[in-house]
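A.B. asks: Take a look at the following structure, please.
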Amino acid sequence: MVVLLTQVLFTPLPFKAQRLLAHRRPQKSFFETLIRSLIILCVAIAVVLSSISVCDGRWLFARGQLFGLWHFCTVSNGSVLKCVTDLSLAKVEGLSMGVIPVRSMVSFAVVVAIFGLELLMVSQVCEDANARRKWSMGSVLILASFLLSATSVLSFSILVKDHLTFTGFTLTYWCEFVAAFLFFLNGISGLHINSLTHPRNRVGKI
């Protein structure tokens with residue numbers, strides 16, 4: 001107790017001020033808060049779009065056939081859609097086996113993005129000493145989701161390259177494409193704004 005009291009009494013004022021500045025919560029500007037909120041909103045939209053795309057999974061319609069991650073469908077003369085889970089019936093070389101890693105990657109991308117979004121939100125709600133580190137980790141996870149989503153979209157396009165038409169891509173395919181773009185844009189933006197707003201060292205000004 002005596003030692004602690006001695007340290008408090010005889011500690012120079014500049015060092016006390018330095019400690020107060022170190023523990024003081026940094027004040028954010030309005031525009032920084034706005035940008036971070038918009039990044040979180042866009043990531044949330046990307047997660048919803050990617051989830052819809054994965055759950056539906058029907059990405060390409062060509063020649064009366066519907067190719068997807070989970071089903072292969074054909075349209076009969078009566079406009080009745082008949083779907084099967086056996087993708088080997090599509091008679092596309094490598095589709096039945098190649099689509100397995102594709103849907104695994106795109107599903108894992110959603111999971112990683114949810115964790116990244118959670119870190120982004122927690123870093124803004126609980127502004128502690130590790131808030132900036134949580135934001136950086138969340139942004140890195142969002143970029144990882146972009147890599148997984150982009151790889152799955154590209155791999156699927158390669159698997160069905162013989163049936164590709166620009167107008168044949170379905171709405172759920174474009175949902176995944178837009179989600180991958182949003183993952184990339186907001187992941188990069190998150191890391192960039194974190195580096196721009198890094199707190200400066202004010203020890204030299206004391």
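Placement of Cβ uses the backbone N, Cα and C atoms for every residue, glycine included.
Curation plays no part in TrEMBL annotations; they are all automatic predictions.
The transmembrane segment feature in TrEMBL is assigned to 33-55, 67-90, 102-123, 135-159, 171-193.
In terms of burial and nearby residues, how do these features look in this structure?
C.D. replies: Non-local neighbours of the transmembrane segment (102-123) in the same chain are 36, 39-40, 43-44, 46-47, 50-51, 53-54, 57, 69-70, 131-132, 134-135, 137-142, 144-146, 148-149, 151-153, 155-156, 159, 176, 183, 187, 190; each lies 6+ residues outside the stretch with a CB under 8 Å from one of its CB atoms.
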A.B. asks: Between the transmembrane segment (33-55) and the transmembrane segment (171-193), do 3 or more CB pairs sit under 8 angstroms, pairs being 6 or more residues apart?
C.D. replies: yes
